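Taken from TrEMBL, the feature domain 'Glycoside hydrolase family 9' covers 3-380. Positions annotated as active site by TrEMBL: His306.
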Amino acid sequence: MGSQLKAHGEHAHVLAALKWATDYLIKAHPQPNVLYGQVGEGKSDHACWMRPEDMTTPRTSYRIDAQHPGADLAAETAAAMAAASMAFGSSNPTYAVTLIRHAKQLFQFAKAHPGLYQNSIPDVSTFYSSSGYQDELLWAAAWIHRATNDKTYLNYLTQASGTGGPRTVFSWDDKFLGAQVLMAKLALEGRVKGVGKIAEYKSMAEQFICNCAQKGSNNVKKTPGGLLYFLPFNNLQYTSTATFVLTAYSKYLTEAKSSIHCPKGVLQASDLLNLARTQVNYILGSNPKKMSYMVGVGTNYPKRPHHRAASIVSFIKSRTLVSCSAGFSQWFNNPAPNPNVLVGAVVGGPDLNDAYEDKRTDYQRAEPATVTVAPLVGVLAAI
């Protein structure tokens, strides 16, 4: 992906954005067994509709540590740091080494102190409760191994009690598919023998892909317009991650001169890339509503995303305080388009029948999220 980003003059911008995030994660990890996981309080924040500049809700900070563990959060952060280290390997090797050091410490912390992070930071349970931590441990091990080639982490993956089995989504809460794909990559490259546990990882990854391509035994639903449909709440986040998997795996198959044998046919690398293209095309406007679900693309896109800062007049234009409750009456329930265009954001998207109402109050479909747009960066670079 780096070469494609460089060709379009975006590589330096991507590294700057990435470092902004990893700098924050480094600061949030001041000691090997301490990681700050939240700033602010979900319930009080959600009770207000305000600009960030006007926020007066508590900025309480919450952390996990040896006495208050959160293996899911620690391992997920380890995976992020290990993956990011690879992007800085040539341009900033010292920084890459720093990220690996943090990743290894966090992985050890997660292994030594198992537990769900919402038990240590109860405020998150209402909003982003974790279903488990085994997926994040595998995900972290896979990325640290890829970044370092240290067989300790490969051994962890091959000696794990399970591979996650068949998955139906790849999401912020379910990383099993990501670990499965990374293990499949090793097998396709011939770096490990595709037997035993490795073969199981690869089989599970390809089962998911077969289901996306409608050639599996448990195919993913599709809307009449052709969109892969996983779940009602912010479906496009799952479509985006699935599309990223399809795009990456297409590259792996091409390099390995291989294909996937599904229950209902064979898939070539080109089939995966073509399916990815149809999904991106749908998101960007090739759909029954002729609407781009990425804000700012074309002229027909969501004008009322469920987003506080976008839906309230900017501080530059009006310095009058928008209070907690006034934000709801003056802006949240205002039928007019958002005063600020949130260019590049991707909303939750249409329902199973391709229907989408551009309503700010519909947080299930109108709310944009970083987990939705982030996978599309890689997909768009590839296609």
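Backbone N, Cα and C atoms are what each Cβ position is placed from, and that goes for glycine too.
Because TrEMBL annotations are produced automatically, they should be read as predictions rather than curated entries.
In this view, the residue listed as 'active site' is surrounded by 22 other Cβ atoms within 10 Å of its Cβ, with every protein chain counted.
The predicted model assigns the domain 'Glycoside hydrolase family 9' (3-380) a mean pLDDT of 97.
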